[in-house]
């Protein structure tokens, strides 16, 4: 398996380079505007590389072992559906309602594949929502894939987060002895790693909506899969996703409180304020990696090993993140700016 994972990373790296050359030759560029966090025209669409690598390698690895399971078919199908929706939107902007149709279709595909939400462990009391869990499950998945799009706003951030979350999830499987489940999050980690070589600050190519949406729904699917294996693992995955969940959710709530349009492009996420204060993307991306490795991963591990209750650990993990995002100004308009009057999705700024 090690050789296959290395080959996946190298293939993603090479394919991203080819996509960059194609984007430059066809002038497929992300042009900076007043809502951008970058200053130079940059090729976009590099996320297609890890979408293809993950999908093809996962299919091949499954067929060479026990075959394609309904769960894997649903995971790959949902990812491709969302990626195709994002790819179309990258080239011909789609109305928000049609994007949401694609997103909810992908969410329902995932829920079908995993037979709904996992059983939750509420302070040692099992809770199975059954059919009642499909609506909150769909909302969870759609929010996670959209927040991944919102958080893909500075160089290397979304890719680094995917590495930390998927790699952390694989580590938890190893610690709990679920070695047969290691390969899927490890494959995602290696696929994104090949792309991140090109996307790490200063980015030479952006992933685009196809890539960010794919990562969001794939990580959502992996979190559901983990929860079905062990209820405590679902909390562990929510903890690993903490930086993105907190920043995007707090920003959304504060913008709603100010009666601002949710899908209006903006630069008011905590990470965007941080990058402007520091004058660079790299220290913010590195800080997020450090938070994941030094704060969230230990708490996720303690939860998985049942040293601490999942809900308690989730609160401990999130409270400092909420305070930090609040103090950075998440959801507040930039001083001296006015809100734009046009409506557009908050893609890579």
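The backbone N, Cα and C atoms fix where each Cβ goes, glycine too.
Residues or ranges marked as transmembrane segment by TrEMBL: 45-63, 70-88, 100-117, 129-151, 157-175, 182-200, 234-253, 284-301, 307-326. Residues annotated as Mg(2+) binding site in TrEMBL: 149, 209.
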If you count CB pairs under 8 A between the transmembrane segment (129-151) and each of 157-175, 182-200, 284-301, 307-326, the winner is 157-175
Taking the Cβ of residue 209 (Mg(2+) binding site) as centre, how many other Cβ atoms lie within 10 Å? 29
Can you tell me which parts of the same chain pack against the transmembrane segment (45-63), counting only residues 6+ beyond its ends and a CB-CB cutoff under 8 A? 1, 4, 7-8, 11-12, 15-16, 19-20, 23, 28, 69, 72, 76, 79-80, 83, 86-87, 90, 183-184, 187-188, 191-192, 194-195, 198-199, 205-212, 214-215, 218
Helix, strand or coil at residue 149 (Mg(2+) binding site), per DSSP? helix
Given a Cβ distance threshold of under 8 angstroms, which distant residues of the chain, six or more beyond its ends, lie next to the transmembrane segment (284-301)? 154-157, 160-161, 164-165, 168, 171-172, 175, 200-201, 235-237, 239-240, 242-243, 271, 274-275, 278, 308, 313, 316-317, 320-321
Sequence-distant contacts of the transmembrane segment (307-326), meaning Cβ under 8 Å and at least 6 residues beyond its ends, amount to 121-124, 231-232, 234-236, 238-239, 242-243, 245-247, 250-251, 270, 291, 295-296, 299-300
